[in-house]
Every structure is written in C-alpha cells, then in structure tokens.
Amino acid sequence: MWKMRKSKMYIFVVSILVLVFLQLWCSSVTFHHPYVGIYISLNNQEQWEVVESHPESASAKLGIAVGDIVKLIDGLPPEESQFVVKWGAIEQADTLLISKNGLDSEYRVESSTTIYDMIPLVEEFVCLFLAGILLLKLRRSQSARLLAAVFLTMAVIYMSLGASIRGDLVGKLLIANFMTILPVVFLHFIVVFFIEKGEVQLSTRFIKYLYAILLAGVMLRVLYFFPSMQKLYRLDGSITLGVFIIGFLINISVIAFMYFKVRKQHSYLSSIVKSVCFSLFISIFPIICLSFLPKIFLGIWVIDGIYTSWIIMLFPISFIYLIASNQLYDIGLVVRRFLFAGLMAIIPVSLFTGAYAFLFSNEVNEKQILFVFIGSTILVSLLLYAAEYWTTRLEPFLFPKKHVLQQALKKISKSLGAISTLRELKDIILVDIVNTMQVSGGAIVFLHRDEIEIITQGEIDDVEIEQLVKGSTLLNHPDYTSIEMSGHEAYTGYLIMTRKKTNTFISKEEKQWLELITSYLEISLENVHLIRKLTVNLQQFAAQLPNEGVAQDIQWFRKVMFELQEEERIRIATDLHDTTMQDLFFLKRRISSIADNGTLTKTDQDQLNNMNNFVDMINASLRQSCFELNPHLLREVGLIQTLQMYIEKEAYTTSFELSIEISPASSIESRDLQTKRHIFRIVQELLNNAKKHSQAERVRFVVEEANEQFYLHYEDDGVGFNELNEGVQKEIGASGMGIEQIKSRVIHMDGKMDLNTLKGKGMTFKMWIPVEEVSSV
C-alpha cells in the first residue's frame, strides 16, 4: 500500500514537472517571438506569394497583404526557412524583404503581445483552477477525476496554442495530440458519469481501444521531425480538426442515445440527460458551426476559434454542477421559456430593424442589418426571459407600494400561526394591517347568533360599527371598506378599514390585498374559534376528572390547565404594570408640572388637580386589577393575611355587607404557594359571583382549621340558583370558570366540597382540604 502511494506521488511530481517545463517552453516561444501570421506558396512565376495574412498578426500591422511577394526571410531565401518548408508559413522571423507592385521593401517584425496570446493563457489558468478544485474537493468520484483530466487536456491545448501558431514543433505536437485526445477523454467521462449518476449499464471496454488508436496517432506524429514528410503533416491540421469533430459527434451520439432512452421517464437521470443536452448545444454549436466547419470546407473562420473556444468551456463546467449537486433545474422549462421569449422578441425587433434599414438605407449594408436584427433579438429575448428575476429584484424601486404590501403579507402570514386569542389577533395582525394601509383605524368583527365581538385598532367608532353590523348596512357604507369573511356556522366575520389618514379611499390594489389577507384570516379566525371552544370543553373535562386516588395517571392534565391560566394572568398583570400604569405615572407628572405653573388661573389649576385625582383613581383601579390577576402578597405575607386584606378592601366597594371570620389557621401557611393560590382563586370566584349574580344583602366567609383540615365556608342570602341548571353554573364568575372550576381546584387539592342552593334561598358553600397532605400542583 505504501509503495503504491509512493509510486503515485512520484508520477504526480513528474507530471507537475513536465507540465511546468512545457508551460515555460510554450510561454518562452509565445512571448519572445512575434506572431507573423503569413502563409506563402509558389506562384506560376516560381515566386513566393503571400496567400494568407491573419488580421490579428504582426504582418497585418505592417501592411503586408495577400499577393505580395516574399523575397528574403532574415536575409535568406524563403525555401531555406524551416517554417516555410514544414508549414508553408513565415514565423519567428525578424526581418522580411517584401516586393509590392515591383517595389522592394524591408520590414522589421517587432515582438509584441496580442490578444491571441492573452486569451488562451487566461483560458488555460481557468481550466487548471477547475481541475484543481475537482481533484481537491471531489477526488473520490471517478467521474470527477475524469472531468479533471478533461480540463487538464483543455489547459494543455490552450497552453500550446501560442507556440503552435508560431510554428514551434513542440507546440504543434502538443495541440495536435491533445486535440485528438480531448474527445476520447470526454467520452470516457460521459460514460462513467452516466453510470455513477443514473446507475445504468454502459460498457467501457471500447474506451481502451480508442486510447490505443490515439497512442498510434501520437507515434505517427514523430514524422514531424522528417522534412521529407512535409506534405503529410501539412494535412495534419485538417485531420486533427476532423478527428475532433468526429470524436464529439460520437459524444453527442452517446448523449442522444441516453436522451431517447430516458426522455419519457420522470426520473433524476432524465433531468440530468436533459441538462447535459442543453449545455452541450449551447457550448458546442458556436465553435463547430462558426469556426471548424467553415475552416474545413471554406478555408476561412466565420468567427475565430480563439473567441468561440470560450463558449465550449460551458459544457464541461456544467458537469461540475451536475456532479456536486443533487438539485437540478427543469431544463425543458428553461428552454420553453427562452423560446417563447424569442418569439415575443421577433415582432418588435423586426419592426425596429425594418425602420433602421429604411431610415439609413444609404449608410448600412446587409451585414450591419443582420447584426442589428440578431443582436437585438438575443438581447430582447434575454431581457424577457430574465424579466421575472430583475422585476423581483428591482420591485422596491419599480413598484414600491406592491413591495410594501407583499412584505406585509409575508410578515402577517408568518404571524398567523402564533395566534390563539383575540388579543393576539389584535396585537399581531390588526396593528400591522392598519399600519400598512395607513388608515385611521380598523376592526375585526365576529357576528354570533346572540352577540357581537369587536376588536379595534386606531381611531374607529366601535359603537357605530356594531350598529352597522346589526343593521346589515356595513358593506355599503361610504366611510368604511368592509370585507365579509366566509360564513361559519357559529359566526360571520368582517374585516373593516376606515379611510386613509389623508381622507382618501383605499385603492383597488390595496383592496385586493385586503381580500387576500382575509383569505388568510379566515383560517386563523377558525383556529381561534376552535381554540376557544376547545378551552371550554377542556375546562369542563378538568372539572369532571375524578380525584387523584382514582385517576392518578390523568392528574397532570388538571395541573397543566391551572398552570396555563396562572401564566396568562401573570402576563396580563405584567403588561398592565409595565405599560399602562407607567404611562399613567408619566401623565400625572406632566399634569402636575403644568398645574404648578404660576401663570394659570385658579379654575385651570382646579381642573388639572381634578384630572390628577382621576388619574390616581384609574391607577388605583389598575393596581387592584393587577393584584387580582397576580396576588403577590401570598408570597410576602401568606394566605390568611392576604385573604383578610382582600375582603376588607372589597367591603368598601360592594353593595352588600361583606365580612370574613378567621380562626387560627397557621398550618396552611406551611403549604406550597400553588395551594394557597388555589384557595385565593376560590375565594375570588365566590366573591365575584356574589357581586354579579347573588343580589345578596349579606355575604360572609369563614376560615378555620380543625382535625388537620383546612376549612372554608361561604354563605349569602341572595337569590341563589337551581343547582341542576348547568348553563347557570357555567356562567358563574367574572372569569367564566364557574362552579366547575371551583370543583376542579378542590379535587386537585385532594379536598371535598359541599354546595347547597335553591332559587330564592341563597347559597352555602363548604370546602375541606387536608392540611398535612395537600397536593402540590
């Protein structure tokens, strides 16, 4: 194993050294000798006549043209130049004696770097870079290694191009051999690639025979060293181009075979083959049709191969993506879209080209008109094809309003999944809609069979909205934009917007956006409705759960229900304290600072002081609400003292006589905080029931401990209710928990309760909880 690795390393080092030597040799020839670019042959007068002069060569810059007579090359007759003998070309010459129209002129050829020298050099380094990436990142893949060999072959071709056109023997050998090797290496890669990606069965045995033929061709090119075989190897250029074209025709045949084999399949291999066909056509068509075929049959380049050779690199580069990625684009869709864009472009481009030809008929020729037509068609097709991309990218500048609406839609749609209550619907969704539309206010209305629920944001009259909904005149009202949501069996929903802050109506585009938002909201409102309905059912279920001894395995459910309720109360209390109460505090300070201004009249100062007192009343009411939501005194002073303070404070505001009798009950203070919170909630629920429903004149609480039991007694002389009336039980209490919630709390604490009531006879409630073994929530 170690010997094999050492031998591979040796081969690798030798290959690098050979590549570096060839690079230095070819670069030396390229940059030390000018590209003369003259081809000559004997005419009927046995004179060496210029038959071809490359337009990018040094000879073209010197003014040497076809038909000129070459008399001396570096002071010697042309037939003594090795380049004339071998290739019929003048290269690596410093001076030329040229006869023009019978006048002899001596030309000195200066060495200079041209675009013919730089473009192949850049292409070479691109190929070397891609080959290095493949060998470093994907060397475990055989197809990646073969693709790296393809890029290395192309790199050698580009490396030797400058030396080859200057008549250098090494350059000629390199470019001729590697031009014929390239199609075979690429064919080898194609076969292995399809085997790897498509798991198809393709034979690779014939590849070795092709390599053997190539080796024989390399051996035959030794004839380059024998001047007597000049007629044979002068034809080698055309033979090399022919072999290159035939080789790639074979490659195309293999790809076509795979295409017809899988074209009707909807598989990963089918997508790969279509991608290969598309990239092959794009990269091979220009160099074959515009460079090689005209050179073979007409002896001229339509477009010089040095330019079209850039395009051929797209084909092997596309395979890097196919090897490294499992995600493919639908090439069929891409082609159809581009063809459709081209068809759309033909009509306006034809009109434009016709107008151009008509207006400038005396100044343009057919080539210019053809160039304008083809170039414009390609440009317009590309613009139409990419229209979706650049309009999306430039949308904030081209269509700012549409962009704002789309961004708001994305934000709202992402937030819809987190909505479970009407409060969240207002805070998360309605606020964004109102801000996006720049309206004065907005509302979402739920029209139930027997009631109307309205959540509002901004400046909108909810009383007027309620009247319009009840009167069925909302949808036609001129001051509101109203969209009815799909009716539900339990409710009908409406999204309502006022006019804009500029007192203008909502535009048609914005109304379409609102209708789209409404379709999203319908699902969210349905979820809120189902959550509320499910919450009621869960509360009933929690109240009906048996005691802990009977159903220990489902006690967790009751615990979770209570924890969720307490978390929500604490959150609301915290929000009130951190927002509204803080705002009231700063409002009071502001009013006080104005009231202290000595320039105010006594009447104004009295009004400001009254406003301050009113703010204090609101603050006190909010503080009491926060305490009821989050009774923090339970932790600070304990249950008994908290109950006493709570009842005494409530006694000042109730319409009935309220009292509490507390006997020594110190043991309950050693219980956990959750147990004390349950007891406080029960007292709170009973008192709320008395204030809302009892119509009592006297309400009394009794708290005591006896026989290791905590005892709570409640009684009133109110109207009472029928204990069997389930609907009344569900409605008892401001929080909607009712007697079922009280019962659920008692059961959770492993206690017992007794409820006695009759319509018109008041109500008595008793509860016992074991002091020593109270359940922890």
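Cβ atoms are placed via backbone N, Cα and C, with glycine included.
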Please find, within the list 8-26, 369-387, the residue stretch that TrEMBL describes as transmembrane segment.
369-387
Quick one: average pLDDT across the domain 'Histidine kinase' (679-773), no decimals.
78
Using DSSP, break the domain 'Histidine kinase' (679-773) down into helix, strand and coil residues and give each count.
33 helix, 31 strand, 31 coil
